[in-house]
Amino acid sequence: MRAVVLALSLALVAPIFAPGKTYVYNYEVSLMTGLPEMGLGRAGVYGNCKFLISAIDQNTLVLKIADIEINEFNGIWLKDHPNLMSMLPKIMEPETSIPIKFEYSNGTVGKIYAPEKVSDFVLNFYKGFLNFFQLNIKKTHNVYDLHEAGIEGVCKTLYSVNEDVKADRILLTKTRDINHCQERIYRDMGLAYTEKCEECQKISKNLRGTASYRYILKPVPSGIMITKADVNEIIQFSPFSEHHGAAQTEIKLTVVFLEIQNTTITPNPVEYHHRGSLKYEFSKEFEWTPLQFVKVTDLQVQIQDLLDHIVTHNAEKVNDNTPLKYLELIHLLRLACNEDLEGLWSKYKNIPSHRLWLLEAVPASGTTTALRFIKEKIVAEDLSVVEAVRTLAAAVHMVTANPETIKLFETLMEDNKINANPVLREIVFLGYGTMISKYCTESDNCLVEFVQPIQKHLSEAVSKGETEDIILYAKVLGNAGHPSSLKSITKIMPIHGTAAASLPIRVHIEAIRALSNIAKKESRMVQELALQLYMDKALDPELRMLSCIVLFETNPSMALISTLANAVKSEENLQVASFTYSHMKSMSRSASVIHPSVGAACNVAMKILSPKLDRLSLRFSKAIYGESYSSYFMLGAAATAFYINDAATFLPRSVVAKTRAFFAGAAADVLEIGVRTDGLQETLLKNPSVLDSADRITKMKRVIKALSHWRSLPNNKPLASFYIKLFGQEIAFANIDKPMIERAIELASGPSVQTYGIKVLKTMLLSGVSFNYTMPVMFTEVRRVIPTSSGLLVELSLFSAAVAAAVVKIKPTLSQRLPEDFPLSRLLETDIKLETEVNPSYAMATYAVMGTNTPIYNQLIVSRVKFNSTLPSKISAKLDIKEGDFKIEVLPVSAPENITAGSVETYTVARNIENPTVEKITPILPSKVLESFPIQILSNKDSSSAEVSLLTLTKFHRAIGLKACFKVATENAAFIHDTALYRMIGSQNASFSITPIEGEAVERLEMEVKVGAKAAEKIIKQINLNDGAATVLSKLNKILASNKNHTLSSSSSSSSSSSSNSRSNSNSSKLSSSRSFSNSSRSSSASSLASLFSAESSSSRDSARRSMVEIQKLFHGNKQFLHKNIANKPILKLTYLGFPQQKANSHRFRKSHKNQLAAVTLCRNALTLKITLTKKKQQEQTTNVRLPFYVTFEKQTNKKKSVSDNTNFNLNLVLKL
């Protein structure tokens, strides 16, 4: 035993390979993706091959692969069997037949050499095998840990060495923690605006990885030999807490020593280039889409065919598969070169439908070629201003940032055509800062040269005193967030001498705001500067409050927050004191899950400050912060609002609102909106009467009058300004000043706008209008690729795209033929009928993907969310402009089976290059697993059972001849684990449909509008008291009066609420007692009806029922008079007069009044509602529901006479029974 230990301590250093010999190893690899439970669907790949190693000299070896066999698996784990992919080895043979060379010394793999013909994909597979030979064995330790370089990066590795004396072998294990790495190798796409949330992942992580190696080593005279080794690596991911389940990719590798051959491997007679080290080398991983397997033969032809397919299949409505086709189009455009894009543009630039899809997809592809193409088209003026704005704005956020794209934006900044358009200039300059920020986030090599052009422009603008340019350049530096910009920004702050102090306060505000993004990288430097600004009591209070905001964005320490608290104690400016106090109080009251240290420090600071500051009203500045976070879902949000005021201002000087989201262990600033009211304050204060105490209407009139004097403002003084930030990057800002208002007025009242409007109107009336508008959008493309110990990648991706479309057809019908250039006055003599068909549709698809994505095969688990909606409508409008008669009819249309439908499905998918158009899909939950669980069907009720794994829910609702149906069906894996992740796994479907009830189809819905002096003729008729109105009204008043007396007599024994109600009704009756006979009768009827229907005691209700019987008899006996006069005459205020619902719905009542049932709402002249149900005796019956509205508008003239503008609305609903 001592001899073995001695041999181990002396010779156990590294594996050795003798020159002139070839060592043959058998290599097996397996990658499986799915849930960890057995019996569920999984997707993966099996591989088997041989590796041959020969030593050229002492430190240089040759490695060759042979006998490759690849199998794919897509099915039920431990039940189905893998399928052989026989063509893949032949496809890979031109590369795998070429040996590679590598350096190896003392158990460390050094430089790797290979010809250019060997792709990075094949070379990384070689590295997966060489990763076994990366051993750092210490002579004097059995258990130790270190940071070891490997294919996944430099990660923490634990070694354990044991000896097996009987078998004369050494057992070695090492475990790599992929979550603790000095240098973790991975690549992200679409995460430039996010940052890691450390506090979110202290308890649970969304992504974990670990690899365990086991070696059987055999001592040999000059070292050791690996006789067998295996790896078991797990990469798991969950969008929620990992404690409640996660999807995983399991990698298993096995190396077995076979033999030693007495031959050597000869490298190919080609030039070998240095191709890096053992670390994984990325190349074109993001060109391999996991959503579909695209085999490129003729790229330009394939893009043309796909464009034609998309346009053809979305002519009438959006197809459900269009979002996926749009993502496929974006993928193909990523592979296109500049010549391909030019060829597509020359073919489709004059075809509007194809042009739109092309211009939307090119910036979404995110390549440097796409940005260069957009730049060339803008400079050549091939794009309209709207198209240029849309494509540039999309390119800023979708194009991958690299030195070349940054340089392209720099050249755009110098272009005269861009600078001539204020909107394009703003997008380009702000986009330049955004591109620098994105590049510095994803790269460690963030050069100072990127921000130097802006710093130079800023210095020139300061020397020339160009305020607007200074503000723009400060915003650009704020978007870039480069630490080297801090010096330039400091020069325009009031602390840098008299030159900076003389600049307008707007410049100082933008300089302080620009510190926010720099604070994320250099928080200490920003804290010192912001604290210096805050402590300077000579500064404007608004600047000090903005400095307080920046301080809290740097996650200040306990000492810094205590310093602020002590400063507030002696603060003389109540605005600053109130703002700081409210900010600390909001932070101390929050859940403090995201910022626990800041919340705890603010909690201590609140004990230092006086509670008197909490009593300050809203006239003083405030800061409000709130957050909510769920550790279970690892999802949360935070919102902040800043209200900066001044004691001398009528409105707040500044209002800022911002939101922040936390998801899957990451954080992002979602939206920020800020508004300032500088010039608006000045304009309002020029009219002192605005501040006088007066009623609300008077104040509004004074404010409007004050704003009408905006022309007296100077050109350089804005009325107000606002800015918008998206994901921490300012995307737009504007100053509402005198020149802007004048330009808007000139544009709106210009002859070109009027001429265009008249031209469109005439075209619509003469020939009709028909157009189809489509808008595709790619919401999200977030991808992360992680190398594994096998040399293959595991990808985590999220794709989301949507397409909205609308088809509008307007067909005019005129009572007389009009010439092409008719005057508009002819419309007064023409009856117009417009038949309009509108068919809006929407489709959205989201894909969450995990698995192996390579250029020759895909083995993935996919969760797909699909949503589509369509709501066609048909409207007919009849217009008689001269008489003021307008009638609108909503006609029935043939609707699809489901107006809205959505589904969530989780499945595994396998594709390979042998047959790229064929996908093998397997549901995660096989049907046989679900057969053992009963199906529960619910109708018109909800289920709260957590044990239901198969559920069908159906709800119906019937109204106006239509039946609405809402269906939900779900099959999930909650029977395995009742968690959020397992409830998502499976299949969920929901749909909403509206169908006509058989025999009760809706014929049409009508609305009539009457405008002008004769508007009331259709509703109001004068009541002639000689026709019996006095008799009817007196009887009605007598009945109601008796009920009122009975109510008053019983109110003494009722509750206090009932007494107060009776008194109020009595008072209302007294107020109207001084009117004429007709008016007094009506007012008394109103008060009596109010007391009748508001009676609460049992005796009052009995009296009410008795009175209702007499009222019904009165109405039945005078039905003709009521229908002719009272039904159309508004006499009561907001009181419903009609028959009880249960009485009106009774069979006897319907039988006795089968011809007509009138329910009348009687109110003032402001509103008249009439519902008439008419039932015909024919088999096909029609029901008319008529809702007429009569509105009177009164206005005062200079002669103090009242002038009425009357408008009459009739809403008719026609049902076919």
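Just so you know, glycine gets a Cβ as well, placed from its N, Cα and C.
In TrEMBL, annotation is done automatically, which means it is predicted and not curated.
Over in TrEMBL, the protein carries these features:
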{"type": "COMPBIAS", "residues": "1048-1084", "note": "compositional bias 'Low complexity'"}
{"type": "DISULFID", "residues": "CYS155-CYS181", "note": "disulfide bond"}
{"type": "DISULFID", "residues": "CYS197-CYS200", "note": "disulfide bond"}
{"type": "DOMAIN", "residues": "17-655", "note": "domain 'Vitellogenin'"}
{"type": "REGION", "residues": "1046-1084", "note": "region 'Disordered'"}
{"type": "SIGNAL", "residues": "1-18", "note": "signal peptide"}
Confidence summary for the domain 'Vitellogenin' (17-655), mean pLDDT rounded:
90
Work out how many Å separate CYS155 (disulfide bond) and CYS200 (disulfide bond) at their Cα atoms, rounded off.
22
C-alpha spacing of CYS181 (disulfide bond) relative to CYS200 (disulfide bond), in angstrom:
19
At the level of the C-alpha atoms, what whole-angstrom distance separates CYS181 (disulfide bond) and CYS197 (disulfide bond)?
17
If you count other Cβ atoms within 10 Å of each one's Cβ, which of the disulfide-bonded residues CYS197, CYS200 has the most?
CYS200
Pick the one among the disulfide-bonded residues CYS155, CYS181 whose Cβ has the fewest other Cβ atoms within 10 Å in this structure.
CYS181
